[in-house]
Structure formats: structure tokens, C-alpha cells
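Shown next, in C-alpha cells, is the structure this report addresses.
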Amino acid sequence: MSLCGTRANAKMMAAYNGGTSAAAAGHHHHHHHHLPHLPPPHLHHHHHPQHHLHPGSAAAVHPVQQHTSSAAAAAAAAAAAAAMLNPGQQQPYFPSPAPGQAPGPAAAAPAQVQAAAAATVKAHHHQHSHHPQQQLDIEPDRPIGYGAFGVVWSVTDPRDGKRVALKKMPNVFQNLVSCKRVFRELKMLCFFKHDNVLSALDILQPPHIDYFEEIYVVTELMQSDLHKIIVSPQPLSSDHVKVFLYQILRGLKYLHSAGILHRDIKPGNLLVNSNCVLKICDFGLARVEELDESRHMTQEVVTQYYRAPEILMGSRHYSNAIDIWSVGCIFAELLGRRILFQAQSPIQQLDLITDLLGTPSLEAMRTACEGAKAHILRGPHKQPSLPVLYTLSSQATHEAVHLLCRMLVFDPSKRISAKDALAHPYLDEGRLRYHTCMCKCCFSTSTGRVYTSDFEPVTNPKFDDTFEKNLSSVRQVKEIIHQFILEQQKGNRVPLCINPQSAAFKSFISSTVAQPSEMPPSPLVWE
């Protein structure tokens, strides 16, 4: 995982400060100074189930059909699509392995035949279409992650041969709460348009509504995540830390501008590709900011080590400052290569925080519940010990610690915002590196680099969650989601569907969601 080299570029900084677009100085970056490579850790799986994604209406792929009229071709394609998802022929939506039977590798078969049959995702082909060439030497599909509410696989998109991630959202329609949560996440994934936030590239064709139980979302495939990188033995340069932190805050500024709280920012939810581009993922716990302070918000959020003090103290109302606290913990973890506040229980978590920050004022605890305040006031009065942050590593410079101390503030109303954190001088080099050789918003020409006019864009309008107010039954939400997915089908792209014959797919559908121990722990009940 390497970062390209870059020299401080006065024109870019001028562009940033003045907010105008500028072409960079005219030297070409032919000789990048590569930073130490951070290869993604390999996943050890006992079996690599054979390869899994099929493209939809072949009419869309081959508009020119010599032997049939376009109308007939469209009809044939529609028939093929219907057959693929025809409830009459498939009693269950997908055949699942027999109970208790581990899905084994596919039986040996000629490679080409096996590859084509094994692809998990396929297009809706009809007899006149031909398989894309790249189906012959495809990587096997394999599980790459288990989120709070779903399983993620790495698969090949048969339309272009690109590797993508396929996320299965299972058991969507168990109850109304689950339906609403999944619909919210799905709408968010389709709403996001930002390079540091994971978004939906596609949603697989749903079957007939009577057989509609799971949702499959296609996203970009990322090779690693910040957790794997932090625990790996590879050195992390200060350039890596700056460019990672810059991208986390850039994505968070966008999310917060949309009025969204992520509520589970942790290293494992920050995906990183081989070019060090970072994307925030897993919106299973995200929600729109609650501006009415009298409305209670759930406390079952944020993995304990990254949980802000106001949540630990039972506050019934919190803001997007909880995400900034999590980022501060991650910043310290990037510097020190270990978890900053690694406690065994939520109460100990709070005690470790006050060991560093000192005993909070009553004003800083104003939103806490009485039991939590009593716990703090019963204990000894602690002085802050913030200078200890300089011992995290040699990279914990004055600027780094200054920014870190603006994030790790007990009182959420005094914690720095993502927007203000991005203006901190510590991040100037990260911004420069990102926009000089990593981003998609700036581009290079023969005369140099042309920078975007807005380095850290926000979204307008905000994400609208009013759709949730009128959802009253599982069947109603199911119909709305089914319709929503059909409407999302991207223009003239061939729709994708699951190939239920694929061995990998059989393994995929039997794979389970995170065990309860991996879920964010339940909130502390203060006496």
C-alpha cells in the first residue's frame, strides 16, 4: 500500500485557501517516491468456494441483433429475466444447503464450464447472448467481511470483469424495526456521492415479492481496512497517518453535512484500497441527527472502545460530536498502534477517559444521567494528563497532539467539528498528497495538475428520513423496498441477478451474520 510522493505545492495551497481552481506547477510526477507498501493481510479460509455475480437483459448488452427485431429481443430478454426469478419454478428463492451440511468446494469440472457455472452473480442472459470473455479466468468468490448486519463477499461483475463487493442484507423482513433500519441503510447507500464514503454501485434484481427475503448490494471492492493495517507489522509513516485522517474527516464532513450520524466509527469500518484511498462504510447503525433535544435516542451504538463519554454516561440525546470522539480515538491508535482506551467494561471505559482528561466539570456532564454523575463525583478528583499523548510515538508532534486534544474533549459542545478539524495545519500535507495523486476530483494535464474548486465538498440537500414516519407494516415496507430497488436499476446497465447454481453462492446464503459478541455491547444501565 503505497502513497505517491509529492512536493508541497504552493499553487494547491493557494487553491485551498482561496477556494479557486488552479493548475499545478508544471513538473510531471513520473518518479513517485513510494512509501512502504502495506499489503492487505490475507484471509485464511479453509475452502475458497467457486466464483459468484450473472449481466440482466441481454437486449441491453447487444442492441444490434441481426436475427431478431429489437422488440422481440427485449421480449426474449424479459422472458429470460422472468424465468430466472419465476416463483413457479423455484419454490424457495435460492436453494440452501441441507441443514448442518457445510458447503464444500464445487465438484471438479473443466475450468471454463466450472467458472461460468460457478459465477455467483450473472446477467440475465437469453440464448442469443454470449458470455463475456473474462469469465474464463476468474478469481474465486470468497467472504471478505462480516459487518454488524450482513455478510460481504468479493465477486466478479460479469458485465465488465471487475471485482466488486457484494453485501447480503439477510432477514430483512423479520419485523418492522429491522425493515426500517435496512431501508434506511439502503437509501443512504444510494444517496451517498462522495469518494470517502462507500456507496451502492448496484442492487441485484429482486425476485417476485413473494420470494423477496434478502437484499444484495454491490459496492466497490476495497482490499483492506484500518483495523487490519493498524494491527499489521508494517510501519505506518506520518504521511500515511495524515492522509488516512484527512480522508476520514473529509468523508465525515460530508456525512455530517447530510445531517447523518454514523454512530459506529471504528477502524474496521474504514475501508482502504491498495492506493490508500479510504472509505467510511457500514451504515447499519447510522441515523439522521435528532435536533429535538426532548426526543430520546438509542444508546446501543458505537463499539465500546470508540464510544464518546456522553453515551457512556447515559445521555439520552447526543450529536454528531460522537463521531468526532471516535475519530480522535482512531487518530491516537494510528499514532500509537494500540487502542487508546481499552477497557473491560463501560464503567472502566469512562474511568480510562477521565484518567487522561481529568475529572469533568458539572457543566461538561450536564446531559449525563444522575447515576453516571454520582459515579464520577464519588471517585477521586483527577488532574488531566494530556501530555502523555506525546509518548504515543515519535509521530506525535506538537501539531498532531494539538489536533488530537481538540477531538478528545469531554464536553461534546466544545469538541471540534469535522469541518474545523480539516482546517487544522496538521492536515495540510494529507490534503496535498490526497489531491495531488489519489483523488478523482482533480486531474492532471500536460501542463500540470488542475485542482477542484472544492477540496472537501458537502451535500445539498440533506438526507431526508421523513419516509420513515409513514412506515407501518412489514408488508408495506417490503413493497416499498421492492419498488425502490426496481427504480434504482441504473439506466441502460444490464441488471444483475444471483446465479443460484453457484457453489460459492450456496456457501454465501448459508453464511451467518455477526455473532452477538461482535455487536456493539448493550448500554450500561446506571443505577
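Each residue, glycine too, has its Cβ placed from N, Cα and C.
For 1-125, 124-416, the entry in Swiss-Prot reads region 'Sufficient for interaction with DAPK3', with the evidence type similarity to another entry. Taken from Swiss-Prot, the feature region 'Required for interaction with TAB2' covers 1-304, 434-527. Marked as region 'Disordered' by Swiss-Prot: 22-72, 90-139. As annotated by Swiss-Prot, compositional bias 'Low complexity' applies to 103-119. Swiss-Prot lists Ile144, Gly145, Tyr146, Gly147, Ala148, Phe149, Gly150, Val151, Val152, Lys167 with the feature ATP binding site. Annotation source Swiss-Prot lists phosphoserine at Ser522.
Along the region 'Required for interaction with TAB2' (434-527), the predicted structure has mean pLDDT 81. Around the Cβ of Val152 (ATP binding site), a 10 Å sphere holds 23 further Cβ atoms from the protein chains shown. Classification of Val152 (ATP binding site) by DSSP places it within a strand.
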